[in-house]
Amino acid sequence: MENVLRVVILGFIQGIAEFLPISSSGHLLLLKKFMHIDLPIVFDIYLHLATVLVVMIYYCRRILELVAVLVKFVLGKTTECDFAKLRLILLILIITIITAFIGIFIEMFKGLFTLNLVLINFIVTSILLFLLESRIVIFDLKRNILLAGCLIGTMQGIGAMPGISRSGITIFASVLLGFSRSESFEISFLSLIPIVFGSLLLKYKELFESDMLFSIFEINLGAIIAFLVGLFSISLFVKMLQDSKLYYFSVYLIILVSLVYFLF
């Protein structure tokens, strides 16, 4: 029964924090420290598959459009009206490549992330969200796909650090480069799909070496909860982004850091 409660909490946190700009990795690290458990790799994989499934459902039509354009490109049948979608595909490809290099580098040092460093990263995320809702300088660089992809990919790679919100930092970078909020949201979450599947491939070997702390039922339960909560969270994030209310998350992170620092 204790394990059931744990997977419910972990699934809920993953579903909330993966989509809202508050860092799922940072929150899960806090939970692991305070619950005194190490997440088995298979459970981590299931949680991420659940959340990426949310993105694929939310952007189902958009993904099908991009796949169709890609097929037309391979067959040499693209038209002028397909160029915008091809640019988006190229942008996501560049972002994915840059993110992968930086993410692999950060993964090598993930065991060195202390609680204090995670709290500092929470503060950094809070500042970025505050700046996103402020009158920050906008650079009109979105037409330069290579430069934009490299910069956004770099930010998304940094987002692999626990406490740094991947969605928050990529949306911040995209808006800074001149993309609209809706475009930035789309870029952030469409680029999540190849990154998650790529990271799962890298963890494939570990899957057979990890201990089964949770039962199959408990693992599936956690994934289902992460999926259902994620469906709600992604819609909530869209609304709050459109309404310019991301400062709520900025305040939340400062409160969280204060509570953890002074109480623990």
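Glycine residues also receive a Cβ, built from the backbone N, Cα and C atoms like all the rest.
Computed from a predicted structure; not experimentally measured.
Here is what Swiss-Prot records for this protein:
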TRANSMEM  7-27  transmembrane segment
TRANSMEM  39-59  transmembrane segment
TRANSMEM  89-109  transmembrane segment
TRANSMEM  112-132  transmembrane segment
TRANSMEM  145-165  transmembrane segment
TRANSMEM  182-202  transmembrane segment
TRANSMEM  212-232  transmembrane segment
TRANSMEM  244-264  transmembrane segment
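Contact between the transmembrane segment (89-109) and the transmembrane segment (39-59) is absent: fewer than three CB pairs lie under 8 Å, with pairs separated by 6 or more positions in sequence. Here the transmembrane segment (112-132) sits apart from the transmembrane segment (39-59); fewer than 3 CB pairs are under 8 Å, leaving out pairs fewer than 6 apart in sequence. Remote same-chain partners of the transmembrane segment (182-202), defined as residues 6 or more beyond its termini with a Cβ less than 8 Å from a stretch Cβ, comprise 45, 48-49, 51-52, 55-56, 58-59, 62-63, 66, 88, 91-92, 95-96, 99-100, 103-104, 107, 142, 152, 156, 166-167, 170-171, 174-175, 234, 237-238, 241-242. Non-local neighbours of the transmembrane segment (145-165) in the same chain are 21-23, 25-26, 29, 87, 90-103, 105-107, 110, 113, 117-122, 124-125, 128-129, 172-174, 177, 179, 187-188, 191, 195; each lies 6+ residues outside the stretch with a CB under 8 Å from one of its CB atoms.
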